[in-house]
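Features of the protein shown, as given by TrEMBL:
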- 315-326: compositional bias 'Acidic residues' (COMPBIAS)
- 7-299: domain 'EIPR1-like beta-propeller' (DOMAIN)
- 309-336: region 'Disordered' (REGION)
- 224-259: repeat 'WD' (REPEAT)
Amino acid sequence: MEDDAPVIYGLEFQARALTAQTAETDAIRFLVGTQSLKFDNQIHIIDFDDENNMINKNVLLHDAGEIWHISGSPADKAVLTTCYNKTSESRVLTCAAVWRMPPEWESGSHESPDDSSNNPQTLELLCHLDNTAHGSMACVLWEPMGDGKRVISLAENHVLLWDLQESSTKATISSSATLEGKGQLKFTAGKWSPHHNSTQLATANDTAIRGWDLRSMSQIYCIENAHGQLVRDLDFNPNKQYYLASCGDDCKVKFWDVRHINEPVKCLEEHSHWVWSVRYNHSHDQLLLTGSSDSRVILSNMVSISSEPFGHLVDDDDLSDNEENQQEDKGKEPLQDSIIATYEEHEDSVYAVEWSAADPWLFASLSYDGRLDKLTFQASAG
């Protein structure tokens with residue numbers, strides 16, 4: 001792999017919340033939510049033009065509060081959820097809501113991006129995910145590859161499964177589960193599995209990782225002490241249904257087969273501080289991104305535990321006799337895992353990394369200094 005120089009986009013406010021717009025598969029588009037205590041917060045709609053190596057942006061007002069988590073609907077590119085801080089009766093509560101972009105911004109037209117920054121329009125509130133009885137929200141997760149009608153929210157020690165109406169203007173809780181046991185009974189992260197007909201969920205609380213069956217809302221596995229310190233993030237391998245990656249404050253990235261939870265399948269120790277974010281590439285599951293408080297983004301090649309541990313399958317007709325012998329030799333053992341690249345453009349903690357939904361070779365990373373780095377890389381010819 002070869003990495004190109006990053007294209008850097010600076011935000012006016014600090015930010016921690018980043019997501020790829022998964023329903024948009026034509027444009028390379030990311031959404032960023034800001035955290036400002038003094039000013040109205042914003043959603044930045046950021047398009048990357050890879051042909052001209054340029055960034056185009058639109059800005060929408062999010063006047064509900066500072067944004068801690070953002071996620072786009074997989075079915076409607078105009079719809080998104082945010083988790084945001086709200087002061088209620090002298091205490092701060094993290095709430096969640098479903099929003100719609102104004103019609104003129106849905107297409108991502110960027111004829112006058114400067115005007116959008118100076119005179120931003122406001123997001124349309126579709127509905128609140130009213131969680132006052134359950135405490136602060138950690139995140140909202142859309143059903144993977146779903147029709148945009150089901151979301152899960154993690155609130156304190158509760159898993160809430162919501163049904164959204166056709167227009168997303170009303171949300172009702174269809175089922176729920178409560179985390180019970182010792183330790184810090186508060187969810188820090190979760191991931192809805194794209195496998196098993198979207199009936200499973202993985203959550204992190206304290207140092208533990210738990211699996212849930214959403215049909216019965218019951219726990220199906222628990223990895224106690226999955227990390228030595230707080231677990232920060234999770235992601236499922238898109239091609240291997242039982243494989244899960246996790247990262248945490250012990251500076252480690254671990255890979256699990258949830259059928260055999262006594263030991264991780266692999267462990268990476270490349271970061272020197274808390275690892276905040278871990279993401280599998282959607283198309284090539286050997287590629288893994290991690291972002292850390294050591295200000296670095298690391299791109300790893302975890303080929304030995306990927307869906308193609310012996311390399312890509314090659315058509316026999318394309319091989320000469322000599323190449324065929326080499327291919328057979330190579331195929332006897334799994335390929336070696338390695339670090340492809342380390343990106344050190346950030347000056348502060350990297351809180352989020354996300355792959356583009358439209359281009360499997362491009363990703364974005366976000367650090368709290370308000371800089372969103374778009375870093376591209378491509379397959380080498382060799």
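Residue numbering: from 1, along the chain as shown.
Just so you know, glycine gets a Cβ as well, placed from its N, Cα and C.
Values in this document were obtained by computation on a predicted structure and should not be read as measured data.
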Outside the repeat 'WD' (224-259), six or more residues from its ends: residues with CB under 8 Å to it: 184, 188-191, 193-196, 202-209, 211, 265-283, 285, 288, 290, 292, 300, 302, 305-307
Per-state residue totals over the repeat 'WD' (224-259) - DSSP helix, strand, coil: 0 helix, 17 strand, 19 coil
The repeat 'WD' (224-259) [mean pLDDT, rounded to integer]: 97
